[in-house]
Structure formats: structure tokens, C-alpha cells
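Student: Summarising the annotation, TrEMBL assigns transmembrane segment to 117-139, 145-167, 174-195, 215-238, 250-277, 305-324, 601-618, 625-645, 651-673, 685-705, 717-740. Per TrEMBL, domain 'SSD' is recorded for 150-272, 599-742. The region 'Disordered' annotation in TrEMBL covers 750-808. Here TrEMBL flags 798-808 as compositional bias 'Low complexity'.
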Amino acid sequence: MEVRKRVKRKIDEEVERANPFFIKLSDEEYNPDFNDILSKYQKLAKRDIFDEYNISPDKGMLIFLIKPSGSFTDIEFNITLDKKIKEIVAELALDKKGIQIGYTGTYRLHLDDYETLMAALKPIAITSFIGIAVLLLFFFRNPLFILILLVSLLSGILFSFGLTTIVIGQLNSVTSIIASILMGLGIDYGIQFLYRFREEFTRDQDTLRSIKDTIYHTGIASFISALTTTSAFVVLAFSEFRGFSEFGIIATYGILIIAVSMYGVTALQITLLFRLFPSLKNKFLLSAKEQTTSPLLYRFYKKPGLLTLVVLVIVLAISFFNFNPGIRFNYNGRDLMVDNLDSVNLYDEIGDRFDISSDPQVIVVDTLEESEAVFDYMTPVPEEIAGSVDQVVSLWNFVPPKGQQRANLKILKQLRSDMKPVKAGFLKPEQRKYLPVVKKYLNVKEYSLSEVPIYFSSQFTEVKGSKEKGHLVFIYPKVALWHGQKLLKFFDAVGELHYPKLSRRVLNTLLYDSNGHIAVDPIRDRWTQAEERLIVKTLNTYSALQFKNLGLLDGTISFILKTRPFSNLKQARSHKYVSNTAGSLILFANLIKIVQKEGVTAFLVTLILVVIVLILFFRGIVPALISLIPLVLGIFVTLGIMAVFRVQLNFMNVLVFPVIIGYGIQNGIYIYYRFREDHDVIRAMSMVGPAIIASTLTTLVGWSSLLIADQKGLKSIGIVASIGIASSLIIALTLVPAILEIVYRSRKEEEQESKPVGFGEEEPNSSDAVEPPPSRFKTAEVSRTTSPKKKSAKKKTTTSNKTAAKKK
């Protein structure tokens with residue numbers, strides 16, 4: 001109507017000017033401006049529909065959209081696609097013409113993320129390997145031991161990845177760090193085996209007996225450690241997020257395989273070496289210095305009560321920062337990527353130049369009726385989701401409702417009538433050339449969905465050959481992949497949509513037809529009581545043919561006929577369709593939701609499983625709780641240090657916590673098991689302490705090598721892992737021995753205690769059952785300095801061992 005008013009005013013003015021008796025009283029000439037009206041209708045997805053190409057308003061950028069036939073998650077497809085595009089662009093030699101070419105979008109961003117990850121893994125692996133080798137050389141001072149451990153480690157890794165090829169088939173960005181975890185844990189098991197084997201072999205120089213005693217004692221501790229560690233990963237295996245679930249599955253069987261490999265293959269190598277090269281046996285004997293307990297241990301653990309108090313005060317002080325300032329979760333996906341990626345920068349530039357997202361999400365529905373209903377529901381964007389959604393584009397942008405078309409045709413008819421007095425001779429030459437175009441558009445006819453050009457309609461349906469059939473409605477979000485909390489609001493707004501089956505387009509068309517053909521705004525959603533009664537009457541009385549003549553779709557007609565009569569409009573619109581939105585933003589937001597939902601639950605379930613395993617193997621609650629000390633306090637200290645240095649949690653470094661659980665629990669297990677052999681804290685720490693330090697430091701080197709990565713996600717993993725593993729080690733070496741001394745020093749009747757698995761009465765302690773033969777080194781008896789408090793206990797042990805020997 002507004003267009004007609006402006007046109008009619010101009011026509012009347014021109015008719016007056018053509019009158020020979022017209023007297024010009026003013027130089028002002030009315031020239032109607034339609035820019036305000038055109039701006040409302042000529043843009044689709046914020047692109048001018050009269051532009052042949054996607055050109056930015058400042059004319060500085062042109063976009064070519066490529067719609068691949070494969071998924072962006074298919075790396076092989078993504079690499080092939082990228083290669084083909086760049087080959088085509090290279091042939092055009094556009095750079096020589098001064099045209100800069102860039103690539104971005106979901107496919108390119110995902111490929112960049114993958115390529116930077118793969119590029120980072122090689123230097124990380126080399127750094128980790130060199131660091132571990134140097135540390136092992138420092139602790140063992142013999143390249144032979146390093147070679148033995150590396151062969152066993154490589155065997156376990158190859159077997160694990162071979163099984164992964166069969167079970168899963170590939171790695172992803174989450175599971176790509178699994179090799180580091182398996183290497184770290186594998187080295188741990190190998191170091192524990194080698195330290196204990198050398199101790200047993202020094203005592204009696206019987207290879208098979210030493211291997212047996214090593215596996216029987218330290219091996220059981222390692223097996224329990226493997227079970228508790230896999231408990232954490234088993235929980236991840238049930239995650240809804242595929243990356244986490246595959247990570248949990250691979251880690252679960254990988255840890256068990258690597259543990260068996262480090263014991264079995266290492267033992268096999270030693271046996272073969274001793275048979276082929278008997279002279280190498282001397283290399284495995286402990287030196288006198290290695291057998292002698294350091295005086296520093298006596299001084300360090302002299303006052304266990306004071307040591308416990310000091311450590312607990314420090315732990316509590318650090319843990320305070322968990323509450324102030326506290327730990328925050330970083331939802332910004334960009335903080336996991338490499339800085340200044342071209343694809344990311346271009347993604348931002350497109351958003352700035354075109355004022356719209358270059359990564360639209362899509363609602364896929366089965367029928368045209370659903371696509372019309374969801375488009376109607378989202379156009380204009382409802383106020384409650386306007387902060388997340390910018391625009392919705394569908395096939396229905398090109399097809400106004402029948403009621404609106406007929407109302408517009410009325411206006412066009414009036415305009416034709418208004419134009420009758422206008423003759424070509426009245427017009428100026430620059431105006432005259434537009435007259436045929438005007439007449440053409442004044443004589444347009446009503447059209448239906450089937451008459452939309454195939455160029456437009458094909459963009460909203462499945463591609464040829466696709467197994468999936470349906471119709472697409474595109475949502476242009478106001479958020480990007482790295483907008484964190486805003487991304488969650490977007491997911492809540494459009495992740496699952498419930499919308500009426502009877503759209504406003506349908507209801508307003510019925511109102512137009514039944515109310516004297518008075519023009520009705522098709523997006524109107526409020527009606528008077530009289531209008532509502534009229535709409536309901538139409539719904540209940542019109543025939544299928546009448547509905548068809550008004551342009552209603554077959555499915556909508558069928559629904560009305562089957563569901564009526566309707567008592568009121570509210571009841572008529574209570575029937576809903578349900579649709580889900582898909583796209584990279586939805587996937588990432590869903591990942592956030594999964595982490596939020598499963599994080600605390602996974603940790604609690606893991607803790608319960610670990611406690612159950614410890615109680616079953618330790619046969620007591622007290623030793624299980626003591627072994628948990630490094631784990632629980634280690635996590636508190638880790639979070640406290642992270643809070644102090646403003647290290648935030650994110651989607652990648654949360655995977656480290658199952659690893660921290662594994663390392664936190666295993667050190668306590670090794671210390672407790674060794675302590676139960678002699679009931680002497682000093683002796684236990686003298687023998688198992690170096691193995692724990694060596695294994696944990698090599699692991700620490702492996703994880704800290706992630707700090708050299710350019711990708712910030714990997715770097716954050718290295719930071720959190722280093723803090724967590726170091727914290728657990730320090731607590732294990734200080735607090736666990738002190739508490740063991742406090743708890744067990746008052747227990748005189750050791751025979752009445754529940755013995756953990758590995759301490760059966762039938763199997764004597766290897767440390768006492770076999771008499772050590774003469775050796776060029778000091779015997780184990782020399783180094784076994786027993787404190788006065790333990791003499792009575794040692795006599796009892798010796799007596800019982802002699803009895804066992806006679807029975808044999």
C-alpha cells in the first residue's frame with residue numbers, strides 16, 4: 001500500500017505537469033524513494049538478491065561457496081577436497097593478477113586443527129623420547145637397561161595400536177594423545193620391574209626365582225595399579241561423546257596390554273640375555289651403595305607426626321585457592337587452537353564484512369509441511385532467541401502465502417489502473433526506458449512452490465544420490481565456534497525446536513479468505529476474539545478443496561481434517577512438530593553439555609571403583625584409604641595451583657584427570673605393598689622410593705614435552721598433567737610413609753592383620769626365605785639395618801620363615 005501511495009503521488013504530479021494550464025508555483029519536484037522498502041525484501045541471508053555473486057557491501061571481498069558431498073569429520077575426504085580446490089586455484093594463477101585467495105569454513109577449520117595437531121606430535125614425541133632416555137640413563141647408568149625397557153614398551157604400544165586398528169580403525173584429535181599415556185604408564189611398570197628384579201637377583205642370583213618373586217610382589221602391585229587406572233578410563237568409555245568414549249576404550253585395554261608387555265617381554269629379554277651372554281649377569285647386580293640405606297631417609301622420616309602436620313598445612317593452604325579465586329572452565333574453543341591461523345582470521349573477516357556467520361546451522365525435516373511450520377516459527381526470530389539467531393533462510397523465503405499474494409495482486413491491479421493515464425510521451429527519456437519493465441512486473445501472476453526456479457529450490461533439498469531425504473532450513477547464528485557461554489545459549493535456543501503444526505501463514509491465509517479478503521500480515525500472531533472465532537470456524541468447516549485452493553499443503557490439509565473439530569485456536573495450535581538443529585556449533589555445544597553433565601559423575605564413579613578395587617586386593621579399609629591419599633590430596637593441590645596461576649579447565653585438559661588418578665593411586669600402592677613386606681618405612685622407601693621417583697619423573701618429562709606445542713589445547717594438557725603428576729609424587733613420598741609409620745607402629749601382633757593379595761601364608765617372603773650366596777658385593781643382610789623398634793618383629797618373621805622352610 002505504501003508503494004502505491006508514493007507511485008500515485010508521482011503519477012498525479014506528472015499528469016498535472018502535462019496539463020497545458022498547469023502553473024508551476026515551486027521548483028520542488030517529488031521523486032519517490034523506495035530504498036527503505038527494498039531494504040526489507042531484497043536481502044536473503046544478508047546478500048542482495050540482485051547481486052549475481054556474494055560480494056561484501058564494501059565491494060572488497062567476494063565469496064565462492066563450495067558444498068562438499070562428504071562430512072567435515074572425514075579427514076581423508078577433507079584432505080582430498082582441500083587438495084583439489086588448491087589445484088584448481090593454482091591453475092588460474094589469480095595471485096599474479098593481484099587477487100588474494102583464502103580458505104575458511106567448517107571443513108578448512110577442522111583440517112587446520114588436524115594438521116596443526118599432527119605437526120605438533122612429531123617434535124613432541126622426539127622431545128619426550130630423548131628426555132625419557134636421558135633420565136633412564138641417569139637412574140640406571142646402563143644403556144642396556146634402557147634398550148630392554150624400550151623394546152618392551154614398543155611391543156606393548158604396537159600391540160595396542162594394532163588392536164585399535166581392528167576395534168576402532170582410526171585415531172581422532174582426542175585419542176591422538178593416547179600414545180603418550182601408554183608410554184608413560186609402560187615406562188612406570190618397566191622401571192618397577194627392573195628395580196625389583198635387580199634387588200631379588202642380587203640376593204640369590206637365581207634368574208627364574210628372581211623373576212617369579214618380582215612378579216609375585218611388585219607385579220601384583222602393578223596389576224592393582226593398572227586396574228585402578230583403567231577404572232578411570234572405563235567410566236570414560238560410556239561417555240556420549242565419541243571422542244571420550246573411544247579414548248576410554250583404547251586406554252582401558254591399552255594399559256592392561258602395556259602392563260603385561262612390560263613384565264612379560266622384559267622378563268623374556270632378561271632370560272634370553274642371560275643364556276646368550278652369561279657375563280651380562282653382573283650388570284644387573286646392585287652395588288654396595290645402592291644396597292645401603294641413605295642416612296637422609298632416617299632424618300627425613302624421624303618425626304612422622306610433624307611431617308604429616310607440615311604437609312597437611314601446606315595442602316590445605318594451596319587447596320584454599322580452589323574456593324578463592326577458584327577454577328573456571330574455559331568454553332572458548334579458540335583458546336585450544338594455534339594463534340593467528342589464516343582460516344580463523346578469514347572466518348572473522350567474513351563475519352565483519354558481511355555481518356553474518358559463514359557457518360550456518362541447519363534444521364533437517366522430513367516434509368514440506370514441517371519446513372513451512374519451522375520457517376514460520378522462526379520468522380521473524382522469536383524474541384526469546386533473538387540474541388542467538390540472526391536470520392533464518394528457507395525455500396519459503398521465495399514463496400509468500402496465498403493470502404499475501406492475492407492481497408498484493410489487488411494492489412498491483414490498482415497500480416495498473418493508476419498507470420493508465422501515463423503515456424510514453426509524458427515521460428522523460430531516462431524514465432521511458434523503464435516503462436516495459438514496470439508493465440511486466442505489474443502483470444505478474446500468483447505462483448506456487450513448484451514454480452520456484454530449480455536454482456533456488458535445489459539449495460534446500462538433499463543432493464542427488466543421497467540416501468537421506470528431506471528439506472533444509474538454514475539458521476544463521478550470532479555466535480561462533482569459540483564463543484563459549486553464548487554457544488550454550490544458542491544450543492538451548494535452537495538445539496531442539498517445538499513448533500505448532502498450524503503456522504501463522506496458514507491461519508492468516510484462512511483469515512484473509514474468510515474475512516472479506518482484507519489484507520493480513522502473514523507473520524501476525526495476535527488476533528481479536530472475533531478473528532479467532534472466524535479462523536476456528538474456517539478450520540472446522542472448509543473442505544479439502546477449499547484448503548487446496550488457498551495453497552495449503554497436502555499434509556497440513558490431512559492434519560486439519562483428521563484432527564478437527566477444534567474448540568479454540570489455542571487448542572488447534574497445541575499440536576507440535578519436533579525438530580533438531582545440526583551443525584558444527586551444535587556439535588561443539590553438545591560437547592560442552594556432555595562435559596558438564598558427565599564430569600563430576602565420572603570422577604565420583606571412578607573414585608568408588610578405585611576404592612572397591614583397593615579394598616578387594618588390600619582386604620582392609622585402612623590400607624585402601626592410605627593408598628588414596630596421594631590421589632585425593634594430589635587433585636586438591638593440582639586444582640589449587642591451577643587457581644593460583646589462572647590455569648583454566650577446557651575440553652582437552654579434562655582428559656588428564658583420569659591420568660592423574662592413575663599416577664596418584666599407583667605410587668601409594670607401591671609404597672604400601674613394599675612396606676607390608678618388612679613393616680619398615682625406611683627400608684620400604686629405600687628400595688621402592690628410587691623406582692617411584694624414576695618412573696614418575698620419566699612420565700613427567702613425557703607430559704611436559706607437550707609444552708613445546710604451538711597448539712594451545714595440547715599445551716594446556718601438558719601444564720595440567722605436569723602439575724598433577726608432580727603434586728601426587730610429592731604427597732606420596734612425604735605423607736604416605738609418615739601415615740604408615742603412625743598407623744602401623746603401634747600394631748604389635750602383625751600375624752593378626754589382614755594381609756593383602758600377594759602375602760599368602762604358603763608363599764614365604766622372598767627377602768627371608770632364600771639364603772643369599774656369597775657375593776663380591778655386600779649382602780642384603782648388611783644393608784638391612786633394622787631399627788630397635790622392629791627387632792622383635794623380625795625375630796618372629798624369621799622364626800615363621802624357618803618353620804615354613806622345614807615344612808617344604
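Note that Cβ sites are derived from N, Cα and C of the backbone, with glycine treated the same way.
Bear in mind that TrEMBL entries carry predicted annotations, made automatically and left uncurated.
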Student: Same chain, outside the transmembrane segment (685-705) by at least 6, Cβ under 8 Å from its Cβ: which residues?
Tutor: 124-125, 127-128, 131-132, 135-136, 139, 180, 183-185, 187-188, 191-192, 195-196, 199, 293-294, 297, 301, 663, 667, 670-671, 674, 717-718, 721-722, 725-726, 728-729, 732-733, 737
Student: For the transmembrane segment (717-740), could you work out the same-chain residues 6 or more beyond its ends whose Cβ comes under 8 Å from its Cβ atoms?
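Tutor: Long-range Cβ neighbours of the transmembrane segment (717-740): 177, 301, 304-305, 307-308, 311-312, 315, 626-627, 629-631, 633-635, 637-638, 641-642, 647, 649, 652-653, 655-657, 659-660, 663-664, 667-668, 671-672, 675, 681, 684-685, 689, 692-693, 696, 699-700, 703-707, 709.
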Student: Which listed range (145-167, 174-195, 215-238, 250-277, 305-324) shows the maximal number of Cβ pairs under 8 Å with respect to the transmembrane segment (117-139)?
Tutor: 174-195
Student: Would you say the transmembrane segment (215-238) and the transmembrane segment (305-324) are touching, if the rule is that at least three C-beta pairs must lie under 8 angstroms and be 6 or more residues apart?
Tutor: no
Student: Mind checking how the domain 'SSD' (150-272) divides into helix, strand and coil residues in DSSP?
Tutor: 110 helix, 0 strand, 13 coil
Student: Can you give the mean pLDDT for the domain 'SSD' (150-272), rounded to a whole number?
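Tutor: That region's mean pLDDT is 86.
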